[in-house]
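Here is what TrEMBL says about this protein:
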type: BINDING; residues: N28, L30, G55, E77, D103, N122; note: S-adenosyl-L-methionine binding site
type: DOMAIN; residues: 35-210; note: domain 'Ribosomal RNA adenine methylase transferase N-terminal'
Amino acid sequence: MSAIDTLPPLRDVIAQHGLSARKALGQNFLLDLNLTSKIARAAGDLTGSDVLEIGPGPGGLTRGLLAEGARHVLAIEKDARCLPALDEIAQAYPGRLTVLNADALQVDPLAHLTPPIKVVANLPYNVGTELLIRWLTPADWPPVWDSLTLMFQREVAERIVAQPGSKAYGRLALLAQWRCEARIVMHLPPSAFTPPPKVSSAVVHITALPEPRYPADPVLLERLVAKAFNQRRKMLRAALKGLAPDLEDRLLAAGIQPTDRAETVGLEQFCALARSLKS
Ligand code: SAM
């Protein structure tokens, strides 16, 4: 019998510890351990890796990660009510689970882990995008993590993997795809969660590339993309007005028509424009 089987079913854990879901904390729990193990497997081979999990809640995904062989899991949970349930898991897997009762936005947990590091989380929806942007924009590249396997609202997942010309394409797609490979590996209906959220969800698997796909200064590229998509329906010669006196020439040199809109411009062209604006 594996260690996962010695722990009580998650419904019992929730009842025993009075873990009624709180909306303000984005609490939609996964209670099916087959599903949480499947999500853990979507992160690849966990043996020999440290795993960062944000928002373990009652610990369904945590149990999946440990059962799938993670060397060590560091789980950051804001809701102190979940700690006794997580402690039971820590006891079933001695020395392999550390739980930190903290707000994930206020700590830098990656610094406590030993590479190779994988981040795997069913993220609280209210902080998911902000955490993703932090992980995608570290001070140095490559980042300390090898991969991010993250549950998002389906609409956010689609924005991460979107291609030019689609409605979902924008800052998040460019940020994720510039230095990473990003794909949706699983779709989940609201009924997979307790309580069910209003929208569908999807798991995105993101792996860090050793180098950016195209050279560009990260700060400049980020600023340029933010400005371009701030007024996504405007032509770029208007949306980017004020960035350079000879903006139209620089757009053309980067292979962009001044009348193009941000949503049709690819990553390679944005990087070329960022390089041109730096010179
Ligand atoms: N991982 C569990 C699962 O799959 O069943 C729970 C996922 S639930 C969508 C999100 C979890 O994140 C909740 O347990 C919630 O308390 C926690 N959470 C919300 N905001 C947080 C924050 N800022 N820092 C850390 N945890 C947070």
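Using N, Cα and C of the backbone, Cβ positions are placed for all residues, glycine too.
Sequence features, as recorded in TrEMBL, placed on the structure.
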{"residue": "N28", "record": "S-adenosyl-L-methionine binding site", "DSSP class": "coil"}
{"residue": "G55", "record": "S-adenosyl-L-methionine binding site", "DSSP class": "coil"}
{"residue": "E77", "record": "S-adenosyl-L-methionine binding site", "DSSP class": "strand"}
{"residue": "D103", "record": "S-adenosyl-L-methionine binding site", "DSSP class": "coil"}
{"residue": "N122", "record": "S-adenosyl-L-methionine binding site", "DSSP class": "strand"}
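Around the Cβ of L30 (S-adenosyl-L-methionine binding site), a 10 Å sphere holds 21 further Cβ atoms from the protein chains shown. Within 10 Å of its Cβ, the residue among the binding-site residues N28, N122 with the fewest other Cβ atoms is N28.
Counting only residues at least six positions away in the same chain, the Cβ atoms of K78 sit under 8 Å from the Cβ of D103 (S-adenosyl-L-methionine binding site).
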